[in-house]
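K.L.:
Encoded as structure tokens, here's the structure I'll be asking about.
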There are 2 protein chains.
Amino acid sequence: MIVEVGLLGCGTVGSGVVELMNRRQGKIADMTGLRPAIKKILVRQVDKPRPVELAPGLVTNQPAEVLEDPSIRIVIETIGGIEPARTYILQAIASGKHVVTANKDLIAVHGAEILDAAERHGVDVFYEAAVGGAIPLIRPLTEQMTANEISDLLGIINGTTNYILTQMTETGADFADALAEAQRLGYAEADPSSDVDGLDAARKLAILASIAFHARVTLDDVQVAGIRSISAQDVRFAEELGCVVKLLATGSDRAGVLSLHVRPALVSKQHPLAHVSGPFNALFVRGDAAGDLMFFGRGAGSLPTASSVVGDVIEVLRVIRLGVSGRVSRMYLPGKRVSPLHAAPARHYLRLTAADKPGVFAAIASIFGVHNVSMETVLQKRAKGNTADIVIVTHATEPGPLANVVEGLRALPQVEAVHNVMPVVEAPE
Amino acid sequence: MIVEVGLLGCGTVGSGVVELMNRRQGKIADMTGLRPAIKKILVRQVDKPRPVELAPGLVTNQPAEVLEDPSIRIVIETIGGIEPARTYILQAIASGKHVVTANKDLIAVHGAEILDAAERHGVDVFYEAAVGGAIPLIRPLTEQMTANEISDLLGIINGTTNYILTQMTETGADFADALAEAQRLGYAEADPSSDVDGLDAARKLAILASIAFHARVTLDDVQVAGIRSISAQDVRFAEELGCVVKLLATGSDRAGVLSLHVRPALVSKQHPLAHVSGPFNALFVRGDAAGDLMFFGRGAGSLPTASSVVGDVIEVLRVIRLGVSGRVSRMYLPGKRVSPLHAAPARHYLRLTAADKPGVFAAIASIFGVHNVSMETVLQKRAKGNTADIVIVTHATEPGPLANVVEGLRALPQVEAVHNVMPVVEAPE
């Protein structure tokens, strides 16, 4: 039996979906007894050349030809962004169509609205491709790990910043040069702010944390810092400390109090995340029974993203075949608070520039002493003129005292700047 | 509504299952609307002390009290081994009970028989815990990755050998000492042959390959070599070559021709698998759309294994709740051949001991030349008496010419021994 599918958008992801659906049609029919067929593709410009060959009449610029065609039972959304994707998806749901989307922006901000609408209308919405590209994350968290209380998420979930930081580590380049190279190669956009300022990762973290911690987490709950301040010096110092600099998305749940951050961190080379380079993504998940698990793979790209989209389409078909559409349960246990101050004690890296003269280090050390934060490692290097670059790694410290130390250091006349403060992530035991 | 559960065995895994089921009972009821309750536990000795506290009357040594109790709807098998586990499971299935098992030996050898019986009787059998302990592997391969044709599996799926090889790498110990230490710590059994000779990994590979490649693969289809021959020298030479020695389970599907191996290999330190140490397991999967994915986590242990077992129990409950028991599809596309000779060209490491005198190296090199295998790197070291240890890394070569080279080298009077021949695994691009 043929199941008609409508596709919204035919860019990088959309054309990958068309190609993969064509490639897998026979196998999908063997597996599910249902043969998906793309009936209509909504695009802005009908006559634009595409990376995949499309039968004439397949594309349209009229949303109604997809959304109001009662024969279309599944709508795949690959437009991205909030509008018009949100309106189209809600309209599809209201018409009783199942939805598969790769849209992280939309799910991060309007996920609850969309899932509630799906529940009311008895249809399914799947969004595996919204986070981590090809990597199965949403369904392992929703299904296979449900025997666990998940306490921690730790991930590299933005490929652009990971590519830039990998380049900085491998070539010694500074941030601006590595960004320019990433833009030249198409790994970073002309306006790179959503990636390099951490917002893209924060959206994905909001989605993952909602599922892992059974809470309704939105973008505003995530504390975000990007990688613009990371310099070639930080990368070199990290190397000396046996670490690499990564933009980490971290979430923790301590007895229902959540803490959510996207920020650069030093990751020990003994930690598997340190070896996630270039365009790859990875997510560490800690469960009370499973212990540490990691999921790794391509975080973006046409076919990798299509892998998750078409995987979701197959799940929709299985669910149709079983006759249980709209009953595949979602669960939120409400009532968890999101607190930005709660964080486990961690070692921290601080890099500062100070006057290179006698007594300065004593003044710096006394600030640490006053706030009862103890120093584990000190590196002093590459003095320029009358200044010295100083890196201090603390023993495990709470965020409160650490913030006081930073404030105290910034108030010291001998300290020119405190450049970067980053947690240091150890290998799992 | 309460769903009665019977447990077979209460050892390391079984007692973890009891503990985790108790911990999660409320959450499972919230999620599925069904509350699982362990009604009876089959053990050999009723009065033996256990790691978990059990209500009086919960344990029995009479199989019938679990298998013939019509109120028990789910049977969890944690006994391990072929018999009596196989008989008990088939009996449970015939009585219309769903089965969750952690038994790799049984699934690797009798998986088809058990799944066929389940299909006939309209019940579900899940076995996520049989491979990779806590790591979700079976269901991601069966469900989330179905949009892919999977071409390659590459995994570290035996914790004992990984612990031993990690110790050899970190301490420079020889195999015998590292094994003795692993036995002292309980990571290796008194008779370690199933682990160190690669059979345990081969069983797991047979299970994974059956699912990933849609074929009925059994243990006999896997070419197996263990790690007894790996010496401290091999580990040191690997280090010089930027690699670590790992026991790898590899499977490939080239147009329906399968190749399945368990054998030691050199893994580039740039490859994420190189950093899977100690008791951790990891599986790399290559799909035509997703590209490379890796799944990482604890491969054994009481609660990690229970995480997968109880995750399967929750899936059985979801399926009961949805009213689709026995209809969750399994798919085998028959007709794939298993060929031990098919293997992609790969760089190979050879270590040999030869007489340390003029002309020997020319003789060795000529063997390579005759068979058209080219050498990429040569290391000659640590001569003892009149002999030299020689390591040769080839350029990418097919298995046929390589076997001819090894045969030719062994026939040379100047060559005392060819110790180890291992493929070299590069980092994914």
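Every residue gets a Cβ built from N, Cα and C, even glycine.
Annotated active site, proton donor per TrEMBL: A:K204, in sequence order. Taken from TrEMBL, the feature NADP(+) binding site applies to A:L8, A:G9, A:C10, A:G11, A:T12, A:V13, A:G14, A:S15. Per TrEMBL, the feature NADPH binding site maps to A:K104. The L-homoserine binding site annotation in TrEMBL covers A:E189. The domain 'ACT' annotation in TrEMBL covers A:349-423.
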K.L.:
Between A:G9, A:C10, A:T12, A:E189, A:K204, which of the recorded positions has the fewest other CB atoms within 10 angstroms in the structure shown?
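P.N.:
So among A:G9, A:C10, A:T12, A:E189, A:K204, the recorded positions given, the one with the fewest Cβ atoms within 10 Å is A:E189.
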K.L.:
Under 8 Å Cβ to Cβ from A:V13 (NADP(+) binding site), same chain, six or more residues apart: give me those in sequence order, or none if nothing qualifies.
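P.N.:
The answer is A:T78, A:G80, A:A102, A:A129, A:S302, A:T305, A:A306, A:V309.
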K.L.:
Indicate the candidate from A:G11, A:G14 with the smallest number of other Cβ atoms within 10 Å of its Cβ, considering only these binding-site residues.
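P.N.:
Lowest Cβ count within 10 Å among the binding-site residues (A:G11, A:G14) is A:G11.
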K.L.:
Other residues near the NADP(+) site, CB within 8 A of the CB centroid of A:L8, A:G9, A:C10, A:G11, A:T12, A:V13, A:G14, A:S15?
P.N.:
A:L7, A:G16, A:V17, A:T78, A:I79
K.L.:
If you run the three-state DSSP split on A:K104 (NADPH binding site), which class comes out?
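P.N.:
In three-state terms, A:K104 (NADPH binding site) counts as helix.
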K.L.:
Tell me, how many other CB atoms lie within 10 A of the CB of A:L8 (NADP(+) binding site), whichever protein chain they belong to?
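P.N.:
Summing over all protein chains shown, A:L8 (NADP(+) binding site) has 26 other Cβ atoms within 10 Å.
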K.L.:
I'm checking region-level scores; what's the whole-number mean pLDDT for the domain 'ACT' (A:349-423)?
P.N.:
90
K.L.:
Cβ-Cβ under 8 Å from A:S15 (NADP(+) binding site), same chain, 6 or more residues apart: which ones?
P.N.:
A:R50, A:P51, A:V52, A:S302
K.L.:
Quick one: Cα separation, the residue listed as 'L-homoserine binding site' versus A:K104 (NADPH binding site), in Å?
P.N.:
17
K.L.:
What whole-number Å value do you get for the CA-CA distance of A:T12 (NADP(+) binding site) and the residue listed as 'active site, proton donor'?
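P.N.:
If we compare the Cα positions of A:T12 (NADP(+) binding site) and the residue listed as 'active site, proton donor', the gap is 19 Å.
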K.L.:
So for the residue listed as 'NADPH binding site', how many other CB atoms are inside 10 Å of its CB?
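P.N.:
I get 22 for this one.
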K.L.:
For A:K204 (active site, proton donor), find which of the binding-site residues A:L8, A:G9, A:C10, A:G11, A:G14, A:K104 come within 10 Å, Cα to Cα.
P.N.:
A:K104
K.L.:
For the domain 'ACT' (A:349-423), give the DSSP counts of helix residues, strand residues and coil residues.
P.N.:
24 helix, 35 strand, 16 coil
